[in-house]
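Worksheet: the structure to be examined is printed underneath.
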Amino acid sequence: MAVFPTEGIPNDGMAIEDVVTVSVALTVVYVILATAGLVFAVACILFNIIFREKRLIRLSSPNLNYLIGLGAIVLYLNVITLVIPTTNTHFAAVLCNINPWLISLGYSFCYGTIIIKMIRVWVIFNNPLQLKTSFFRDYLMALFVLSLAVIDVVILLTYTATEAVRDNLGVKLTANRELPKETFGATAEQHKYFFYICKSGGQVVLYTVLFGYKGILQVLALLLAFRTRDVKVKGLDDSVYIAASVYVTSIVLTVIIVSTYTLRDYVNAYPAVVGMGLLLGTTMILGLVFIPRMVGLYKDPKGETITTFGTSGPREEAVESSGGKKDKELQILRRRVSELETSLKQQVGTCTRYICIKNVLLS
């Protein structure tokens with residue numbers, strides 16, 4: 001039986017600390033995927049700009065879609081920062097501290113827009129509180145999304161200022177759990193493996209606060225998606241895709257939260273899991289918001305055909321065009337009001353006016 005852990009002369013010196021980084025293969029694959037995502041996001045924004053005057057595009061709130069595209073770009077950039085390998089302490093500190101900013105602001109712009117769209121659908125079609133739909137104009141909804149971003153900035157600035165005073169914004173070496181804690185070389189030298197991680201213990205508190213209020217918003221969006229699952233009104237086909245987006249983002253957010261608290265000491269596993277969640281979630285959001293519109297415009301270059309969704313599935317209907325841009329939207333609203341008035345007059349029985357109106361809206 002060998003007395004020493006290696007053959008030959010045992011090591012009696014200081015252990016050599018080797019700094020490891022994200023694997024090259026992981027970096028190459030994720031940078032390629034994130035770059036492709038960035039190209040896709042830019043293409044979606046350009047599509048929104050070029051065809052924004054088409055009725056099919058206007059009904060999806062193109063002004064809000066810009067925020068979704070912006071958020072997607074930020075999240076794709078976050079994926080790249082997660083997998084950049086570096087042994088430079090200053091650059092590692094920059095990457096380490098910029099990640100909370102990117103993931104938080106990207107979520108607010110991309111997913112926050114999805115949430116406010118879902119709230120608007122609920123207010124219009126299932127609104128027991130009788131909230132005014134005038135509060136849901138595009139610019140007011142954009143202000144809601146920007147307010148989420150402002151909350152993020154306040155939280156992140158508070159954290160940054162506090163940790164800067166304590167001189168905790170740098171990085172420290174931590175043992176990498178993906179490799180043996182130590183190995184012995186050919187000459188019996190001892191090697192220990194570490195990688196750079198933010199040295200601030202306050203990051204746990206930071207992520208808890210950020211994910212806490214975003215989680216509350218996500219639960220609200222899930223409830224609204226369930227309440228509006230049977231909406232079937234011309235021009236609001238995008239509510240179906242918004243609901244699907246809410247379910248997707250809930251899964252992605254859960255994966256990111258769990259990984260943040262359990263995989264931080266794994267140099268490859270953490271960026272791989274979080275990066276894949278961001279890639280899949282962001283790409284699916286862009287696809288659900290923009291691809292149906294692209295397909296619809298391909299089938300009808302004039303952009304006058306929309307789809308009605310309900311429990312019986314999708315069906316296409318043509319919408320008659322009218323004079324100006326605003327007149328077209330007014331024409332749809334007037335037609336809807338006329339349909340509701342006709343339905344109310346045809347109601348029979350002793351039901352109250354409120355119950356009759358609700359029955360018509362739910363029919």
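Backbone N, Cα and C define each Cβ position, glycine as well.
Any TrEMBL annotation is an automated prediction that lacks curation.
According to TrEMBL, the protein has these features:
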DOMAIN    26-313  domain 'G-protein coupled receptors family 3 profile'
TRANSMEM  20-51  transmembrane segment
TRANSMEM  63-86  transmembrane segment
TRANSMEM  98-119  transmembrane segment
TRANSMEM  139-159  transmembrane segment
TRANSMEM  204-226  transmembrane segment
TRANSMEM  238-263  transmembrane segment
TRANSMEM  269-291  transmembrane segment
Sequence-remote partners of the transmembrane segment (98-119) [C-beta within less than 8 Å, at least six residues beyond its ends]: 61, 64-65, 67-68, 70-75, 77-78, 81-82, 136, 141, 144-145, 148-149, 151-153, 155-156, 159, 203, 206-207, 210, 214, 217-218, 220-221, 224-225, 228, 238-239, 242-243, 245-246, 249, 253, 256, 278, 282, 285, 289
Region pair the transmembrane segment (269-291) / the transmembrane segment (20-51), three or more CB pairs under 8 Å: yes
Interface check, the transmembrane segment (139-159) with the transmembrane segment (63-86), three or more C-beta pairs under 8 A: yes
Local confidence of the domain 'G-protein coupled receptors family 3 profile' (26-313) - pLDDT mean: 81
